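Q: Quick one: this structure, given as structure tokens, is what I'll be asking you about.
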Amino acid sequence: MLCVAGAKLKRELDATATVLANRQDESEQSRKRLIEQSREFKKNTPEDLRKQVAPLLKSFQGEIDALSKRSKEAEAAFLTVYKRLIDVPDPVPALDVGQQLEIKVQRLHDIETENQKLRETLEEYNKEFAEVKNQEVTIKALKEKIREYEQTLKSQAETIALEKEQKLQNDFAEKERKLQETQMSTTSKLEEAEHKLQTLQTALEKTRTELFDLKTKYDEETTAKADEIEMIMTDLERANQRAEVAQREAETLREQLSSANHSLQLASQIQKAPDVAIEVLTRSSLEVELAAKEREIAQLVEDVQRLQASLTKLRENSASQISQLEQQLNAKNSTLKQLEEKLKGQADYEEVKKELNTLKSMEFAPSEGAGTQDSTKPLEVLLLEKNRSLQSENATLRISNSDLSGSARRKGRDQPESRRPGPLPASPPPQLPRNTGEQVSNTNGTHHFSPAGLSQDFFSSNLASPSLPLASTGKFALNSLLQRQLMQSFYSKAMQEAGSTSTIFSTGPYSTNSISSPSPLQQSPDVNGMAPSPSQSESAGSISEGEEIDTAEIARQVKEQLIKHNIGQRIFGHYVLGLSQGSVSEILARPKPWNKLTVRGKEPFHKMKQFLSDEQNILALRSIQGRQRENPGQSLNRLFQEVPKRRNRSEGNITTRIRASETGSDEAIKSILEQAKRELQVQKTAEPVQTSSTSSSGNSDDAIRSILQQARREMEAQQAALDPALKPAPLSQPDLTILTPKHLSASPMSTVSTYPPLAISLKKTPAAPETSTAALPSAPALKKEAQDVPTLDPPGSADAAQGVLRPMKSELVRGSTWKDPWWSPIQPERRNLTSSEETKADETTASGKERAGSSQPRAERSQLQGPSASAEYWKEWPSAESPYSQSSELSLTGASRSETPQNSPLPSSPIVPMAKPAKPSVPPLTPEQYEVYMYQEVDTIELTRQVKEKLAKNGICQRIFGEKVLGLSQGSVSDMLSRPKPWSKLTQKGREPFIRMQLWLNGELGQGVLPVQGQQQGPVLHSVASLQDPLQQGCVSSESTPKTSASCSPAPESPMSSSESVKSLTELVQQPCPAIETSKEGKPPEPSDPPASDSQPTTPLPLSGHSALSIQELVAMSPELDTYGITKRVKEVLTDNNLGQRLFGETILGLTQGSVSDLLARPKPWHKLSLKGREPFVRMQLWLNDPNNVEKLMDMKRMEKKAYMKRRHSSVSDSQPCEPPSVGIDYSQGASPQPQHQLKKPRVVLAPEEKEALKRAYQQKPYPSPKTIEELATQLNLKTSTVINWFHNYRSRIRRELFIEEIQAGSQGQAGASDSPSARSSRAAPSSEGDSCDGVEATDAEEPGGNIVATKSQGGLAEVAAAPADREEATQPAEKAKAQPLCSGTPGQDDGEDASRPRPLPEGLADAPAPVPSLAAPAAGEDAATSATAPATATEAPGAARAGPAERSSALPSTSAPANAPARRPSSLQSLFGLPEAAGARDNPVRKKKAANLNSIIHRLEKAASREEPIEWEF
């Protein structure tokens, strides 16, 4: 440190030395200059001045000298010090040496201490060493001791080992002896076991032989019983035939008798007395003959009954025997099982096998001659086969014998029958008829019964009524009948070919439903060769039960064919299998093995096999696919799809039912002739050997003749169907009656039989599905039927159809309810608009729905169908086009209302088919979006959990989410969210919804679903679905829906009596949303929290603390509640305080009285409730927790009474309209749960230039977009809510002027004649008046892009509103006409706006949809007589008489105002309802969204109300 300081000091000293040297030089220089200057001064200055200055200069000189002397001395001193310091030697090396010495001294100290320690340790070690020396001696002694111990141990161990060895040897000898003993005992036991085994084997053989005997006996008995039953049945059939013949004869005799009676009466009138005797004689002879016939009939009936009784006895006996045999069999089986269990593991069958082989070689090889095959068959099988062949021979001989003896026996009995007028020869039963439902009347006029057909319905339905009951014939009856007829044909062959019948009778248990052997198919190849019948697939399934189908192979082949010919699975499923695309995809992708399929599950594979068997099927299907691709929009396409849809259960062969629309009568005739050939072949194969050739030729001639007659009828029917199609004139009622018999006779049972009775009753068509196509007056449908019918028509079915026709005709006359859209030729452009949607919708609808085109006007159609049909039609009236469609709100109130088409107020407007709402369509995902998620693993469970949370948090229902984001139905969404599949198990299509969910969570998709935050305007809603959704979610659950403000209720001063208000209000109760529900007792709606949109944005609960959270969030976060306890407490509070459930429901829960009553009476447990279902209980709990709950409800009740009295008073004092409304109750007092919001809202007054600007904007765009509204607001320095309200009020005023004029015109009796549908279509009830812009910011629901789309109320074409020029023309009077004060006391108009005279608007503007009214109170300062009230007072039932808002009522009485009086202006007084101010609540987006939804409902109700004839309104 010192050396550093010294070096520093040296440097400083050096610097100062150099500075001093420099200063010395400088001072010398300056001194010289001073001397020179003084010299010059002496020279230049005058002397007197020098004298004056001399002393001063001298003193300066002296001072300078002294200073210089001082400085020199100082410098000298410094230099001496400096020299000395320079001479001092460098101290650094000395310091280093000192430091080293210090270190050495330190080390010395350390070494001394260490030495001391070492000395100490050395002393210790020395001591230890001494001790160790002493221990060595002891160690040696110890070692010696150890050696001794070891020696002793060794000796002990040896002795112990010897002892043990001895012991073990003894044990071994003993065990060996025992082992020998056990061996002896086991050998003896083994011998016993072998002996037992032999005895058991012999017992087993015995039981097997017994079992075999039992089986053979059982088979013999079953075959014998089958033979007996068959004989009984043949007797029964013959008896039936005779009975029928007798009945026919009896009928002819009765007719003769009646005709004779008639003639005798006539004769008696002419000649009374002389002919009495003859008359008596003739009558007596006829009566005698009739009595004989009746006796014969009675005898035949007795025979039939006796045969039936014997048959039932036989059945019972056989059943009891079978059960006994089965019991025996079970017993034997159980013993057999026990024996087998004993034999397991011990049996040795080699010897038995040898014996069997020798037996086979000895017994069966020569007799059967089967060669190598028999060697593989077991002995039992060979014995069974032998026995079976013997039994079958025995059975055939017995049948032929009984046949011969039976015919011989009957010859004597049937002798009188041969003398009858028309004896029927006992011809053999016919072959299986083409149409299973027809009566087999061409040979013996009765059904054929066979053992295979003895089903449960044998006696009940078929025997009791020989003609099949059409409407109730189910699949089972058909199936059994078909099998009966099949078996009958087989038996008839069996009778002829006794030798070849060995395979017909199965020796297995007797089955009623199936033929176990497939051989009948081989024997009668014509069975499958016939044209398709509706039940052929079922019969094929039952016949070919035995044959197994390789399902995987068939599915593979079908897929190959579909891919090869580019046929879609939907088309294939629709036309071939009768299944949906999803089912087809499932069957083809994962075909189940044949043995795991049910009978119904096997059907599609039979159909697919049939489909693959013929190339024509594939080509026909390909042509259909091509046609559908070429013109998918054709409306008629659906008609051709529908007919096969009803028959698509038939089978895989589709060529017979797929017909192009162009095919004409030539093809029909061709197909008929082909069918005739097939019939002939069938008859030839079925013809027994005994029948003569002449009879068969006669039959075939008859068949061909009937077929050709049928063809002629078909062509006539086609012509008749085509004629009306060429011109729009409808088919009249007579035409229908001409056409329907032909069609019905053509296919009496062609489609009925496909459906079971339940399905037929569910379809809303009378008697049978095919009647719809036959009876519909539609050209394409008739044409289609005409082409399809020949393929399904057997000869002789026309007679059978007559019975079907009568009930159908009566049904048609009564009025049947068709669910087909009415295709109107008047509006082709509309059809083009909707056809693509309809075809889409139709593909998803059930195949049972009938649709056909119709050129018939509504009135005639309604005459045909009657009131029930029209009522049905109005139920089925969904309007897919209008976002404000009223269809979903319409409620049928009976035929008395004028809502059916024939008495609708729009006689001239054509009925246009409204498509069912199309499936929710969402824009497809981009390839980029697919690629991001498709190949990465997504946790579906976590994803669905997040989605559910987000949906619950934002209060979005699953239906909206499904429609807007996923493009799925609510059910699919619910299923997906509750049970998500793992990502790895999903197909590409199955992954798409999850990708969409992920994109939605990330904010890349479907943002229109979420409520928009922070916007002044609520979201623009574009579809009915999105508008209606919040209703279904809980009817604006987070809005104070039930507390409908003044804009939702009739004005308190409206001139209505209470009884009339009851009419309108009771109808409102039927509204789907409680938002617009009012009391049934004529009270006004609950105005609590007057428009709660301002005072309480989120819930109608009277709790200010919860305003931050929406009710959905409260429900989602609430713990499990005791629903029973809550309801019990609520009921107690209500009853104790005498509060009604209606008031509580509307004010607190937002529900109707009925819903509240249901909730309180039958509360569900919390865990079984959905989020929506939990909401009322959360509201109840919050209400119960509120200390002021009862007081608030009591206040509401009191105010309701006051308002009711006020209304009655105002209805009485209608003639003084200028009574100031300031005396009205301020509904915010006590009604609002937040008592701090009690200030009335100030009136907004617009300047004239602001009004002019807004009017100009209105003329350009009456429904401005949110962007336009914001621009206007910023330009005019107004609030956006003010601009929105101004537009809304202005539109309402213009519409009201038109409305009042129309009412006035109607009151003069001219409305009915002049009013056009378009002018009446979209008229709305008036809304708030004037330019007052206070109130809640309403949300105008606009079409996208700001287009003004108007929808006609009857579903006509959407029109764009009229051009601005027309609008300008319409609105000019509004600016020119002067306001007239209502009475002398009314102050002038503050805002200075002119009233407008009523003037009709252009049609386009009239048709524009009504604006969405705000939820605000009516404009402040309105006069009650013209003050606008909510359009909600209009009810949803279109035909209902309704008491409208005040404008309508005030304009109606002709005494109060002249017909063309200008509309009266509102006064400047405050409105009846004060609006509380709430700054914070204003921007709540949830409130706005709910308000928008409410407004849309109100708008739809306006439309529904304005559709009616004004003249029909009752006041």
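Cβ coordinates are placed from backbone N, Cα and C, and glycine is handled just like the others.
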Q: Looking at S661, S984, S1215, S1332, which one is marked phosphoserine in Swiss-Prot?
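A: Swiss-Prot records phosphoserine at S1332.
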Q: Pick from S427, S824, S1316: which does Swiss-Prot describe as phosphoserine?
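A: Among S427, S824, S1316, the residue Swiss-Prot annotates as phosphoserine is S427.
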Q: Annotation phosphoserine per Swiss-Prot: which of the candidates S284, S797, S1157, S1506 has it?
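A: Candidates were S284, S797, S1157, S1506; Swiss-Prot attaches phosphoserine to S1506.
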Q: Which stretch from 540-627, 929-1016, 1239-1298 shares the most C-beta pairs under 8 Å with the DNA-binding region (1112-1199)?
A: 929-1016
Q: Over the span of the DNA-binding region (540-627), how high is the average pLDDT in this prediction?
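A: Its mean pLDDT is 86.
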